[in-house]
Amino acid sequence: MTVGLSLLRALKSHGAREIFGIPGDFVLPLFKQIEESAILPLVTLSHEPGLGFAADAAVRMHGGIGVTVVTYGAGALNMVNAVANAYAERVPLVIVAGCPGALEAQNGLVLHHQVQHVDTQWRIFREITCDQVRISDPAHAPDEIARVLRHCREYSLPVLIEVPRDITQAAMGEVPVLPATPYSDEAVAECADEWMQRIQAARHPVLVVDVEVRRFGLEARVAELARRLQLPVLTTFMGRGLLAEGQLLEGVQLHGTYLGIAGDARTTALLDESDLPVMLGAILSDVNFGVSAEKIDFRRALIAAQREARVGHHVYPNLPLAALVEALLQRIPAATRARAPAPMPIDAPGGLVADDEPVRAADVSRAINDRIRAHGPLPIASDMGDCLFAAMELLPTTLVAPGYYATMGYGVPAGMGVQLATGERSLTLVGDGAFQMTGLELGNCARLGIDPIVIVLNNQSWEMIRAFQPESRCSDLGDWHLARVADAIGGRGQRVRTRREFKAALDAAFAERGRFQLIELMIPPGDSTPTLKRFSDGIHAMRARR
Ligand SMILES: Cc1ncc(Cc2c([C@H](C)O)sc(CCOP(=O)(O)OP(=O)(O)O)c2C)c(N)n1
Ligand SMILES: [Mg+2]
């Protein structure tokens with residue numbers, strides 16, 4: 001077997017479902033084997049940032065690992081921001097990057113795509129991946145690749161595999177799937193005992209769930225834990241959309257998303273006034289917890305994330321989240337206790353009034369919630385901008401978004417990745433500024449056989465920038481007539497100004513299959529969702545207090 005085929009088989013055996021790639025001369029030998037072997041389907045897009053975001057969203061939906069294949073230098077370095085997003089948001093993404101062969105790397109000439117050093121790509125990716133391997137010696141490479149792929153899965157973080165272009169055809173053995181990294185059952189039991197003692201002694205415990213619960217496929221088990229513990233449940237900003245699938249919510253007291261000063265006061269109080277936050281898979285980020293008026297004292301919390309568990313000041317290292325969840329479940333009788341009070345109705349506006357009033361940012365969640373109430377949840381991708389705050393106003397539904405890393409450009413490629421991964425039509429929320437960055441990837445939909453629906457909140461500005469710094473004039477973007485752009489690249493564009501037009505356009509978009517749909521909402525400049533307004537008011541108020 002060749003290096004290329006063995007690597008492709010290994011990616012598949014470790015949970016890859018497809019390859020997102022853009023070729024270049026440093027990876028053409030590998031591309032040839034990808035296409036000839038068809039071990040994994042190949043999806044090509046137009047620009048590496050979009051490629052990385054699409055692969056990120058796909059693996060968030062189907063689990064396993066995501067895979068991108070890019071050329072050396074110009075390709076891989078063009079994807080750095082998308083990989084950084086995956087690292088920050090704990091996404092298991094494999095970057096297979098071409099690199100120079102051994103001989104050409106030493107022939108004394110500076111190579112095309114090379115930067116300061118022939119290893120610059122490697123050095124940059126060490127900062128945004130948890131492990132790396134360069135396949136330079138096929139005799140030892142299988143074990144090294146196995147180690148890297150296990151790290152990708154077990155830490156749910158990106159990894160780099162460099163493939164020198166002169167080695168792709170060399171012979172290499174099978175890459176083993178290593179057994180799970182061992183950990184101490186005793187430590188898990190001791191931690192679970194300690195957590196249970198504290199949970200039973202607490203007066204107002206609250207369960208907070210975040211992205212690692214999905215990354216490790218634990219939503220059903222965590223929902224069962226929530227049912228048995230009978231605790232109120234909150235998601236973090238990043239964890240919005242967790243437990244939203246199907247029956248997961250049965251008997252779970254999901255009270256919505258913690259938004260601190262920007263959220264519903266009763267929901268916020270569940271965490272701010274809790275004497276024991278139990279935080280599963282939580283990233284302690286400013287977006288998740290920085291908007292708390294009462295600075296949360298995490299020393300009184302129980303926190304399990306990044307393969308360790310914390311209790312007060314001490315830490316249990318090398319403790320997988322799945323093992324802890326199972327150990328906790330073993331300590332709680334399955335018999336359901338007295339029904340706990342029903343959760344508070346999730347603060348989700350509905351009831352779009354389809355009249356001739358100008359459409360506003362607040363109407364986005366109203367219209368989508370009406371759709372969810374009438375037709376059930378649907379997978380949603382959101383970009384960064386006020387659209388992400390609109391996504392916080394939605395009823396429980398699957399959501400992929402750069403909730404913590406907060407990069408623009410994620411939405412459109414992510415919505416495409418969602419449909420490519422699940423076959424389900426996705427709905428994407430994106431601002432006009434972010435659409436300008438990666439929106440043209442939609443031109444690939446016809447070739448890929450997908451038909452996502454995209455709602456662009458076109459306020460003709462970087463409105464969030466203006467919200468944070470009103471005096472900035474750099475935020476004006478002008479009118480790009482994005483509905484016409486959609487028509488030009490194979491979709492159907494509808495530009496709407498009133499709420500009546502919005503409702504009609506949304507109904508028409510869902511009614512038509514076979515081409516992507518773009519609804520361009522002409523939002524009045526200066527308008528924003530109530531959630532963004534509360535966030536920015538709250539942040540200004542907190543800054544004023546400091
Ligand atoms: C790649 C990238 N560049 C810059 C930013 C900074 C930034 C925001 C955050 C603060 O980092 S929000 C925002 C404006 C977004 O404009 P648009 O997509 O039109 O959405 P809206 O008009 O709803 O704001 C920028 C430039 C970013 N998050 N990501
Ligand atoms: Mg905008």
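Numbers run from 1 along the shown chain.
Note: Cβ is positioned from N, Cα and C throughout, glycine not excepted.
Automated prediction, rather than curation, is the source of TrEMBL annotations.
Per TrEMBL, domain 'Thiamine pyrophosphate enzyme N-terminal TPP-binding' is recorded for 1-119. The domain 'Thiamine pyrophosphate enzyme central' annotation in TrEMBL covers 194-331. According to TrEMBL, the domain 'Thiamine pyrophosphate enzyme TPP-binding' annotation covers 387-520. The feature Mg(2+) binding site is assigned by TrEMBL to ASP432, ASN459.
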In the domain 'Thiamine pyrophosphate enzyme central' (194-331), how many residues does DSSP call helix, how many strand, and how many coil?
55 helix, 30 strand, 53 coil
Under the DSSP assignment, what numbers of helix, strand and coil residues are found in the domain 'Thiamine pyrophosphate enzyme TPP-binding' (387-520)?
60 helix, 25 strand, 49 coil
How many neighbouring Cβ atoms, not counting its own, are there within 10 Å of the Cβ of ASP432 (Mg(2+) binding site)?
26
Per DSSP, what is the helix/strand/coil residue tally across the domain 'Thiamine pyrophosphate enzyme N-terminal TPP-binding' (1-119)?
53 helix, 22 strand, 44 coil
What are the non-local neighbours of ASN459 (Mg(2+) binding site), defined as same-chain residues 6+ apart in sequence with CB under 8 A from its CB?
ALA361, ASP386, GLY431, ASP432, ILE523, PRO524, PRO525, GLY526, ASP527
